[in-house]
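Enquirer: Relevant sequence annotations retrieved from TrEMBL are reproduced here:
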- 1-12: compositional bias 'Low complexity' (COMPBIAS)
- 1-21: region 'Disordered' (REGION)
- 61-81: transmembrane segment (TRANSMEM)
- 93-115: transmembrane segment (TRANSMEM)
- 136-161: transmembrane segment (TRANSMEM)
- 167-186: transmembrane segment (TRANSMEM)
- 193-211: transmembrane segment (TRANSMEM)
- 223-244: transmembrane segment (TRANSMEM)
- 264-288: transmembrane segment (TRANSMEM)
- 294-316: transmembrane segment (TRANSMEM)
- 340-357: transmembrane segment (TRANSMEM)
- 363-384: transmembrane segment (TRANSMEM)
- 414-433: transmembrane segment (TRANSMEM)
- 439-457: transmembrane segment (TRANSMEM)
Amino acid sequence: MSVTETTTTTATHPIDHPIDGNLTVPASSGVSGVPDSAGVNNRPDEDFSFGVVPTSSRRSFWAVGFVMLGFTFFSASMSVGAKLGIGLDLGGFVAAVSIGGAILATFTGALAYVGAKTGMGVDELARHSFGRFGSFLPSFLIAFTQMGWFGVGVAMFAIPTAEILNISPWPIVLIAGGLMTASAYYGIKAIEIVSFISVPLIAGLGTYSMVTATVDGGGLTRIFANTSGMPVMVGVGLVVGSFISGGSATPNFTRFAGSAKSAVITTVIAFLLGNTLMFSFGAVGGAFTGKDDIFYVMIAQGLAIPALIVLGANIWTTNNNALYTTGLGFANMTKRPKKPLVIIAGILGTLCALWLYDNFVGWLSFLNATLPPIGTVLVADYFANRRAYHAIVEAVETGRISAADTSNTSATRAVAWPAVIAVAAGALVGWTIPVGIASLNAIVAALAVYFAGRGVVATMK
């Protein structure tokens, strides 16, 4: 037994894992619902909270594409765009968004590929790369962070809406939080519906606001003429940092893609083009009005009702994805069904929304430094052990194990220390190195430490 392993009871059909021991595929139990560990049997789980999404349950290109676009259509991205518009000239803005978008698309595209090839979400991938109990670390960090951002998002909609209506924000908080929780509760199908409705609304109204600002401002060059002198690389860092933490959850959605190719295409479109569209909406309006919040940009343009629609649709499409991810993470840690956990997380996020908005953004940003290393380890472990992952997928497709619960196919180790240490090292580098882009520094450090750790483990066998 290697230093990365703790003995647990395994089942039949061992699958060799070249560094970390054996992944084991248990004989099929015939159960097609939520696993016994969740305390419920024979109850269909269309979101495959504990398993692999089989080919028969994959979604269309457009369904996954709209979900990913809805994920990246977020008001916070437009607010970052407004800051870029105020700080950069037109050439600097294009450079920052292009470079930052390419980095985001590469990172999330790799995660999308892994999610689609395996049919596994973040937490199932983590069980194989971090170990059964080691996976609690990425599950907790991602779930906790996304629940926090859910609460912040609810407040981001409720506070300005209450200002417009001249009422207390609490009624808006409760209504918005309840609706967003409901769509996350009903899973990927409900998220698709929200995205199909919201994405065209956001794109249309945002384009109208941008065109209006361009015409009224005398063209893009003139609008971007008065800047605060922000360095381009600072802008690149803002672009990357705006969504690289949320992007770490990409496999939760692309595991439903019909193929790895379609998963990568939809993800690249979302993070390179869709996210760029959000930055552009915010940048043009921000440079024209001097406002750094897209809601107030549209208010300044006399677009109060469209502003409310864009704000609500933007936040809803991202918040239901965030809460869905939270439910999956907590399900992995507790081995309980996802849906009740989504409700609990939604209630907590809603009730704490105003407090989170006022006090928690800094802490969430601190946590965000740990998420890119998690995604890095998930991708690295897949490519280092593709044969083991593909054997699990084959076992699901041939009926040897139930797609609803593949958690027992995890390696016998309880904690995979190379993965855990890699995340800690990456986060430390991301927090402390003052040069470059923090998230990229964290990714490089995590990758180096992970493979170094694998090498050490291999020599000790």
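Yeah, the Cβs are placed from backbone N, Cα and C, and that goes for glycine too.
Curation plays no part in TrEMBL annotations; they are all automatic predictions.
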Enquirer: At a C-beta cut-off of under 8 Å, are there same-chain residues at least 6 beyond the transmembrane segment (414-433) that contact it? List them, or none.
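Expert: Residues packing against the transmembrane segment (414-433) from afar: 3-6, 8, 20, 129-134, 137-138, 366, 369-370, 372-374, 376-377, 381, 439, 441-447, 449-450, 452-454, 456-457.
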Enquirer: Give the one range among 93-115, 193-211, 223-244 whose Cβ atoms make the most pairs under 8 Å with those of the transmembrane segment (264-288).
Expert: 93-115
Enquirer: Establish whether the number of Cβ pairs under 8 Å between the transmembrane segment (223-244) and the transmembrane segment (340-357) reaches at least three, counting only pairs separated by 6 or more residues.
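Expert: The transmembrane segment (340-357) and the transmembrane segment (223-244): touching, no.
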Enquirer: For the transmembrane segment (61-81), name the stretch out of 93-115, 167-186, 294-316 with the most CB-CB pairs under 8 Å.
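Expert: It is 294-316 that shares the most Cβ pairs under 8 Å with the transmembrane segment (61-81).
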Enquirer: Using a Cβ cut-off of under 8 Å, list the residues of the same chain at least 6 residues beyond the transmembrane segment (93-115) that approach it.
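Expert: Residues 84-85, 121, 125, 224, 232-233, 235-240, 243-244, 247-248, 250-255, 257, 260, 263-264, 266-268, 270-272, 275-276, 279-280, 283, 372, 375, 378-379, 382, 437, 440, 443.
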Enquirer: Among 167-186, 294-316, 340-357, which stretch has the highest count of C-beta pairs below 8 Å with the transmembrane segment (136-161)?
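Expert: The listed stretch sharing the most Cβ pairs with the transmembrane segment (136-161) is 340-357.
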